[in-house]
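These features come from Swiss-Prot:
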{"type": "BINDING", "residues": "45, 46, 84, 112", "note": "3-methyl-2-oxobutanoate binding site"}
{"type": "BINDING", "residues": "45, 84, 114", "note": "Mg(2+) binding site"}
{"type": "ACT_SITE", "residues": "181", "note": "active site, proton acceptor"}
């Protein structure tokens, strides 16, 4: 696969071609994902749940994410790598710079932070120093205790209006990508149209510029057996993991996934 860059992803948005993203934590799955045509690999703090067995992402550390980012880099064959800054890993500007530097040195092409308009200063300072940033909005798992659980965000008009304004403000601050998790499909479509940067969705309908799922979820692997509404098991009916990954790419590119049943209404 030719090297995917931020310019490539921006071009896909302009052309109206959907972007494919999956979480990835090791070299073997990085290689397999690239072979199937996955364009973006997200080294997510979700590893705390699907690899470590924790009940949230909060225990994950920057050093653990750097370790897995380096592993993904070694198996990567052209995909764009995004790495999460973990819970409290960007509480101060000094922490933000130090931890973002670790992840970029480990092999990330972009770092992802969770939050809203309060992230603007950190995003601006990182962007000015050559670190591309993805702003993760909507349901932000690192804030699960504040949010009162894993709930759809932006369902009332005040929340929706604020989220639209925050997305525009974060783009203006320098965010090069936005990820929307568990927001009403109509709101996600509005935000996607309102900003020029690529918008990736998970539980955000089909109108975003691309889709992401947790690798283990889309392969039907779960410790708890609880499957989010927005997940589809792509192993069903497939002979191999490669076929499942390829089916995901085909359905995202063909805009057959996600279906209406995978999204949320206001």
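Every residue, even glycine, has its Cβ placed from backbone N, Cα and C.
Within the same chain, the residues at least 6 positions away from the residue listed as 'active site, proton acceptor' whose Cβ sits under 8 Å from its Cβ are 136, 137, 138, 139, 140, 141, 153, 201, 202, 203, 204, listed in sequence order. Apart from the site residues 45, 46, 84, 112, the chain places the Cβ of 23, 42, 43, 44, 47, 57, 60, 65, 83, 85, 86, 114, 136 no farther than 8 Å from the centroid of the site's Cβ atoms, the recorded 3-methyl-2-oxobutanoate location. Here residue 112 (3-methyl-2-oxobutanoate binding site) comes close to 42, 44, 82, 83, 84, 85, 133, 134, 135, 136, 179: these same-chain residues lie at least six apart in sequence, with C-beta atoms under 8 angstroms from its C-beta. Considering only the residues assigned to 3-methyl-2-oxobutanoate binding, 45, 46, 84, 112, the longest pairwise Cα distance works out to 12 Å. Within the same chain, residues at least six positions away from residue 46 (3-methyl-2-oxobutanoate binding site) with a Cβ under 8 Å of its Cβ are 23, 57, 141, 214.
Annotation for the binding-site residues 84, 114: lowest Cβ count within 10 Å of the residue's own Cβ, 114. The secondary structure of residue 46 (3-methyl-2-oxobutanoate binding site), as reduced to three states from DSSP, is coil rather than helix or strand. According to its DSSP assignment, residue 181 (active site, proton acceptor) is in a strand. Counting only the Cα atoms, the space from residue 114 (Mg(2+) binding site) to residue 45 (3-methyl-2-oxobutanoate binding site) is about 11 angstrom. Taking a C-beta cut-off of under 8 Å and a sequence gap of six or more, residue 45 (3-methyl-2-oxobutanoate binding site) has these contacts in its own chain: 57, 60, 65, 84, 86, 87, 141, 142.
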